[in-house]
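Here the structure comes first, spelled out in structure tokens, and everything after it is commentary.
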Amino acid sequence: MAMVVSTWRDPQDEVPGSQGSQASQAPPVPGPPPGAPHTPQTPGQGGPASTPAQTAAGSQGGPGGPGSDKQQQQQHIECVVCGDKSSGKHYGQFTCEGCKSFFKRSVRRNLSYTCRANRNCPIDQHHRNQCQYCRLKKCLKVGMRREAVQRGRMPPTQPTHGQFALTNGDPLNCHSYLSGYISLLLRAEPYPTSRFGSQCMQPNNIMGIENICELAARMLFSAVEWARNIPFFPDLQITDQVALLRLTWSELFVLNAAQCSMPLHVAPLLAAAGLHASPMSADRVVAFMDHIRIFQEQVEKLKALHVDSAEYSCLKAIVLFTSDACGLSDVAHVESLQEKSQCALEEYVRSQYPNQPTRFGKLLLRLPSLRTVSSSVIEQLFFVRLVGKTPIETLIRDMLLSGSSFNWPYMAIQ
């Protein structure tokens, strides 16, 4: 339905002063001669003719004038989600009270839904309560804004811009819709970096074996849960979600390790991998040490750039939305999401670091080298004590299919 409410204007407001000038130019009507009897005058009985301004004012106040048309238009605006009668503009779109409350509840509680059909259920006035997954999907598709729920009521005609709080307390000052996208990426983090553990934030601290394994599990959990919460990823086919995470989990792990300044001391890593428990050949020791060195180098190079929280979120989204994953059902859509993430990073860097013109390029150049860290080595170093020979790809698939990473059956995350 075409929206004309916001553009309709009162005729008196269209040309200010035009109608008043017409009234002032009308010739004066002579009064009755002195001594003539006073008789009330009514229209059509010799009284002064109505001026255009008076006529317009009278028609607007009448029951059939444009003023009543405006009220009727406002009363007949439909909810863009279900087609019910809209109660106004909520979170960026005209919606009914039911869809407004559903969207607010879903976003504030960070609820996750599952569709029992093919993720294409009809959402109308009579079926809107049958599938919460498809209802929330349609809310987002028509343009309802998650960030508007987090920040409270927003002016209906103002674009989403201003400051968005980062996890490290820095303000995000971007003036476009991409800043809202970054804000959603940040809010998708299941918990802030500081909750990875106090040992993680102390570079000179040598962590014990159990702490290393627990921290690694938290970072893997964080990567999967973050992906489940970011925009557009839950809308992909579950097979595409699994394919993307199975390919990129090790790169996301390295980014998380750099973000939380994970201590990477050789001796505890070798102990966590169980390599002290059995004798190894010299060649195997050298090869393993090389892999640890590569891991350390990638983490240190990222730390040297002083990457902030928003940049890490964009980098992880660029890594995740890769068309290199096998068997994707919609390669073009995944590529568009990667491009969106890259544009968001570029705009953010240009806005926040205007004196570092090469920063955006340096950040992007770090991504290809993340794949030099072998995923099998990460498994051997951090996860063999927890899950034995169970492949990480199997854990990721199980976490996605179970609907929540909080319930993965391999260890208890506090």
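Every residue, even glycine, has its Cβ placed from backbone N, Cα and C.
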Stretch carrying zinc finger according to Swiss-Prot (options 79-99, 142-162, 352-372): 79-99
Chain residues in Cβ proximity to the zinc finger (115-139) (below 8 Å; excluding those fewer than six residues from its ends, i.e. six or more beyond): 81-84, 95, 98-99, 102-103, 106, 235
The zinc finger (79-99) - residue tally per DSSP class, helix then strand then coil: 3 helix, 7 strand, 11 coil
